[in-house]
Amino acid sequence: MTPATLPTIAITLGEPAGIGVDIVLMLARENFPLRLVVIGSIDLLRQRATLLGIKVELIAVTLQDIIPPHCPNQLFVINIPLNAEVTPGVLNPANAEYVLNTLRAAAIVAVHGLFDAIVTAPVHKGIINAAGVSFSGHTEFFAALTNTPQVVMMLATGKLSVALVTTHVPLAQVSALITPARLESVIRVLYTDLQRKFALNAPRILVCGLNPHAGENGHLGREEMEVIIPVLEKCRAEGMVLIGPVAADTAFTDASLTGIDAVLAMYHDQGLIPLKQRGFGEAVNITLGLPIIRTSVDHGTALELAGTGQAKPNSLRAALHSAATMVLRQQQKETRHAMDTM
Ligand SMILES: NC(=O)C1=CN([C@@H]2O[C@H](COP(=O)(O)OP(=O)(O)OC[C@H]3O[C@@H](n4cnc5c(N)ncnc54)[C@H](O)[C@@H]3O)[C@@H](O)[C@H]2O)C=CC1
Ligand SMILES: NCC(=O)COP(=O)(O)O
């Protein structure tokens, strides 16, 4: 990779009272072949760096600037001003708009192709809602900003990738949300992006049932018979390899996962408990279906660790690596396509 082809990646700092700022500063000390631009408050970075004893040169840039390859202990920053002073660990609804502004800026630069990908540090969904803005997550926020009708949340660690049919919704609403239309479009996005972004020609997807024992032939719930099985049959008829619906309680055993590229879980905790059990702190959250590349950490704001130096940057490092890999894969595909059409 020559410096000219190094991906440019934007990182948003997330909730200012959380560990997002800390782990970005920690990662800045490392060496990696990328161009990095932080989107967030330069004052906040300066204050937290002092608190953590991290020596870092912070350089304010604009969208017109060319970003050089990353050098350890240096960060280029698109400054988004805070609305209020920040005390690590203490949430303040006054800064919710600041957080949303960082996400809006990141989406704009990615959609317009100024940067190749977005990596997000964690936000606090509760405080944004407390500030009066209905917000269920980056996934849904970026879907709305980019007018994307169907996005899919997928977390990956090592060989396990888990995608979700429903994301941040109350458990009581899950069954009603598992409609044939939604399930089919989630499967199509997952299948297409496993091919496009992960270079899997014929992905093998293991689909969980919703009910205990995948409904036990309708005796323990009817969603499998009425929704899941018909949709899987329709998609299989097009050649997709879809295994299931399988009982979710044994879907994540090593035997069950052999030869599987991704598991499709029906709801958040069905998929993310086993995923985080395997690799919490090392996994990556990827939004499939977006017109931009977006990855994130697998953890939250960990308010109690902010400013202590105890937060680990491993998941953020993995999220950067994963975004860069997807960018390079896309660049190679575009180059091949250009050569084919010459
Ligand atoms: N990508 C995102 O924006 C995400 C945001 N969240 C938000 O974060 C907030 C807090 O969520 P919680 O359920 O408490 O989860 P959490 O992930 O913040 O904390 C769970 C446990 O893991 C520890 N932990 C988390 N990240 C760590 C790190 N990098 N290094 C060392 N230890 C770490 C925490 O100290 C805590 O004990 C919520 O508002 C939630 O919505 C949660 C997950 C992802
Ligand atoms: N459980 C994953 C999570 O909360 C992160 O969601 P998002 O902010 O990436 O949509």
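Cβ atoms are placed via backbone N, Cα and C, with glycine included.
Annotated substrate binding site per TrEMBL: H138, T139, K276, N285, R294, in sequence order. Annotation source TrEMBL lists divalent metal cation binding site at H168, H213, H268.
The Cβ of T139 (substrate binding site) has V151, M153, T167, H168, T287 as same-chain neighbours under 8 Å, each 6 or more residues away in sequence.
Taking all protein chains in view, 25 other C-beta atoms sit within 10 angstroms of the C-beta of H138 (substrate binding site). Ranking the binding-site residues H168, H268, K276 by other CB atoms within 10 A of the CB puts H168 at the bottom. The separation of H213 (divalent metal cation binding site) from N285 (substrate binding site), Cα to Cα, is 28 Å. Within 10 Å of the C-beta of H213 (divalent metal cation binding site) we count 16 further C-beta atoms, all protein chains included. In this structure, the C-alpha atom of H213 (divalent metal cation binding site) lies 22 angstrom from that of K276 (substrate binding site). H138 (substrate binding site) falls within a helical segment according to DSSP. Comparing C-alpha positions, H268 (divalent metal cation binding site) sits nearest to K276 among the binding-site residues H138, K276, R294.
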